[in-house]
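Worksheet: the structure to be examined is printed underneath.
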Amino acid sequence: MDAITNNLTPAQADAVTHIDGPLLIIAGPGSGKTRVVTHRVAHMLSQGVQPWQIAALTFTNKAADEMRTRLERLAPGQAVWMGTFHRFCAQQLRRYAPYVGLSENYSIYDMSDSKSAMKRAIQAAGVSTSHATPEQIASAISKAKNRLITPEIMQQQTGRAGDSVAARVYPVYQQQLLLANAVDFDDLLYHFARLLRENPEIRGELDAKLKYIMVDEYQDTNLAQYAIVRAMSVDHPNLAVTGDPDQSIYGWRGADLNNILDFEKDYPSVKTVRLEQNYRSTPNILAVADQLIRHNRRRKAKELYTENADGDNVILRQYDDGYQEADAIADEIAEQMMAGTAEPRDFAIFCRMNALTRSLEHALRSRGLPYQIINGVEFYQRKEVKDLLAYLHLVNNPNHDVALQRIINTPTRSIGATTLGRLQAFADAQRIPMLEAARRASEIDSMSKRAQTMLWNFVTLYDRLRRMATAPLEELLRFLIEETKYISYLERTAVEKEDSNPIANVDELVSAAVEFDRMHPDDGSLEAFLEQVALVSDTDKFEDAGNRVTLMTLHAAKGLEFPRVFVIAVEDDLLPHYRSKQDDQQLEEERRLLFVGITRAQQWLQLSYAKRRSVRGDIRVVIPSMFLSELPRADMNVIEARTDRDFFDDGADESYPDSWDLVQEPAPQDDAEKEYTGDAGSVIPDVYRDPSASPAKVKAKRTTPTIAASLQTASDLMSSDRVPLGAYREGSLVRHPEYGDGTITELTGRGPKRTAKIRFSDDQSEQTFRLAFAKLELVDAESR
DNA sequence: ACGGCTAACCATGGA
DNA sequence: GGTTAGCCGT
């Protein structure tokens, strides 16, 4: 008992010793949350709670592993269930599969599996993708599932046009998944939530068995997760959740901030504990994080403080371009290593999207610095790995149509698109899985004799593999590699690339199988292996990778900490991402994302942006992120790029207020200006729109001339002595110096992104132009 | 009819 | 830089 409750702050002890009844732990970054949670479990165990009465739900395996390791130290040998939401649901669904129309050997589709399933469903539903892309449809269906909306309900809701397309695909997609005895990621939660809702006896059993449920990162739960957790906490409402509204960054995955903001309303008898003292970062870093997050409205105000000693000022650095940024950061790391003040594992580099790691990777490699990229999709997404896993999937679940389609002709066995199409049509017509259809190929009239033979060959191969289904995994895997001649197929087809070695990846998969056999000598099953593979991410296992610099996205960085952190490309359209700028809630989520990045740093932090960045080949002028103007610059080291000052020559000497006014209050004389104001609104922090929110206003006044200059440059590009953008209409006649006269057939986008599709009268060709940049003239009908 | 190849086209985040 | 649709050679 002493070892468990000693050395805790009063707040921490409060949380640790609370056993019965709802508990809300609002835990700021670096506040020792994991410590509190594990100590609390240990305390509960010491007070006679049985380990099997406790379940701790997390979002990543890594978080669960971390908890398990720490608990093991406090209370060795106690089998408390700790794992991700998805794994928890997957395991429960194995037991209750028939209740939701599945068999217990059901498969879990990963993102690319669901994508192909979705494409097939869209085809089968016969909807046109001209107004809604497959991605949009998939996202609408995913959102529906996250909100526990059934296909029937979605069809009843006469929503927006895009949704009605999705509403038609949804039941077809769902039906096909059930036929394939498969679920997608959303279904794991969706099916289990509905199972609990529709079967009170199961709900009651679980509620009674799992008397103590804990949820980590509660701010990232969606409605389905909320429903699951609540359903299991009715008779025994000993629900303990931890979270931080300021670190909610998964809204795009359906996370609902209200779950945590309203927790006290859901459970009026809740005990709320706030962990506000930060043990991770220097005051310098914390101050920057705090100033930034104050600009959010939807939050629970929190005082972050630390007793840590002062450290270096946070650096805000400008580079000329992305390459200079990469080189300079690599140099900086090399320098700090040479100075003996740091080693590779001390450094992390965060970015908004994976594509941005490329130049960094190059810079680090050319200097011989060891690094690792934590990419959400890596090993298990590689072709050769997916191929072999598809074989395993099909062996485990003969209804797995996506797997069948992947491997029926891999290695090639003369079963092409035509044959596959006919097979699929037959399967659809008979409502049978495709493997079954292949067995009955002789019944398919349109199928050539030759194709029938090829299909028969495949089915025979499958049956040979199938006989090995219960063998140890390693044996099965080696057998199928042998039988399919997969290695020689790779040697034949794989192109030698610098950093990909398909055969080594196959070996790595075999090693994973060996390891799995070793870990599960008795309970090992193909099904369990496939489930594990489906539910791990590469993010989970970065730790083992040795002494390396870590590159990852801001999303992947959550829950981690590093002594020295670089956040790169803090630029408009990237952070905040351009697809999040239109909506205040999404914009706040972007701000939280930067907040998460900043608060990962223990001792040293640099935020950087470039003046120019090449995006997909072409070089763009960069507008620094609006978030940078929200930081306490007086307490930071602001460093501008050394060269290239004249790039923004016209604006470099402008004082700050003028340039801001330019963006803030463009004289609204005509349509174009109004148009741009609307768009620029999102570039302006909330505080500029709402005078009542004051604290940042003073800070933002310190915006450097350079930032102001580039902002002005952007507005120059937009407005000065150009035809007002609003003057362009669909049907407008225009003249282009190269293409000649034409007519605008379509206008899309706003502000700087305003884009026109133009059909030229000369050759009837259609081209698209960004109005702000294209050399277009409006012509009136008479002058042509 | 199949399969390999080239050429557009397209990209946020990820259990 | 990676993926896919469509083309062309077998």
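Even glycines carry a Cβ here, placed using N, Cα and C.
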Self-check item: region 'Disordered' according to TrEMBL, located in which of A:17-38, A:303-324, A:655-676
Solution: A:655-676
Quiz prompt | Where A:Gly32 (ATP binding site) sits in the secondary structure, as DSSP reduces it to three classes | solution = coil
Quiz item: What residue among the binding-site residues A:Pro29, A:Gly30, A:Gly32 has the most other CB atoms lying within 10 A of its CB?
Solution: A:Pro29
Quiz prompt | Which of A:Ala27, A:Gly28, A:Ser31, A:Lys33, A:Thr34, the listed binding-site residues, has fewest other Cβ atoms within 10 Å | solution = A:Thr34
Exercise. List the other residues in this chain whose Cβ sits within 8 Å of the Cβ centroid of the ATP site residues A:Ala27, A:Gly28, A:Pro29, A:Gly30, A:Ser31, A:Gly32, A:Lys33, A:Thr34, in sequence order.
Key: A:Asp244, A:Leu275, A:Asn278, A:Tyr279, A:Arg280
Quiz prompt | pLDDT averaged over every residue in the domain 'UvrD-like helicase ATP-binding' (A:6-282) | solution = 92
